[in-house]
Amino acid sequence: MTTVAVFLISLLAFTARSVYAVQHVVGDSGGWTTFGDYTTWASSKTFNVGDTLVFNYGSSHGVDVVSKSDYDNCVTSNALDSYTGGATTISLKQPGPMYFACPSFGHCSSGMKLAINVVSAGSNTPANTPTPSGTTPTPSDGSNESPPTTTTPSTTPSSRPTTNGGSPNSGNIVVDFNIAN
């Protein structure tokens with residue numbers, strides 16, 4: 001019985017993070033606007049495969065998925081995908097860097113752009129790992145585009161099995177899981 005309980009707890013601990021996809025509202029309550037600081041916003045998040053980004057914006061804005069070069073230079077005429085309509089949800093389907101910009105004239109250069117790094121769902125690696133000085137990480141897709149390099153606080157899932165009432169012979173196990181995002 002104890003072996004089965006330990007196995008189930010271990011299985012739950014390893015799969016819990018990948019089971020629950022996170023919906024990230026870009027800019028939180030401020031939304032996707034020319035007033036957002038999206039570098040700071042993204043630095044406090046971990047983006048996993050299976051998560052979604054939700055962009056909420058007014059009619060004078062849009063969301064373009066762009067290459068790193070186009071992100072760096074605020075070029076939206078070569079968008080990989082383009083969205084309008086005030087509310088856009090984008091699924092994060094594969095690990096690696098992703099870049100977004102508002103296609104409205106002057107908005108990207110005013111800071112209305114977002115760079116994230118998506119990690120595998122089972123990974124405990126923070127989404128925006130700092131790059132050691134003088135090195136450039138290589139994305140898993142083999143491209144020459146480097147992921148954004150902002151710092152993310154480390155969050156680690158934890159589990160703490162305890163016995164019911166502290167009695168070693170009670171036979172009941174209570175598990176407390178804390179999963180930080």
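First residue shown is number 1, and so on along the chain.
Keep in mind that glycine also has a Cβ here, set from the backbone N, Cα and C atoms.
Please treat TrEMBL annotations as automatic predictions, because they have not gone through curation.
The compositional bias 'Low complexity' annotation in TrEMBL covers 123-139 (among others).
The compositional bias 'Low complexity' annotation in TrEMBL covers 146-163 (among others).
Annotated domain 'Phytocyanin' per TrEMBL: 22-120, in sequence order. On the 0 to 100 pLDDT scale, the model's mean across the domain 'Phytocyanin' (22-120) is 97.
The region 'Disordered' annotation in TrEMBL covers 123-181.
What TrEMBL lists as signal peptide is 1-21.
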Tally the residues of the domain 'Phytocyanin' (22-120) by DSSP class, grouping H, G and I as helix, E and B as strand, and everything else as coil. 15 helix, 35 strand, 49 coil
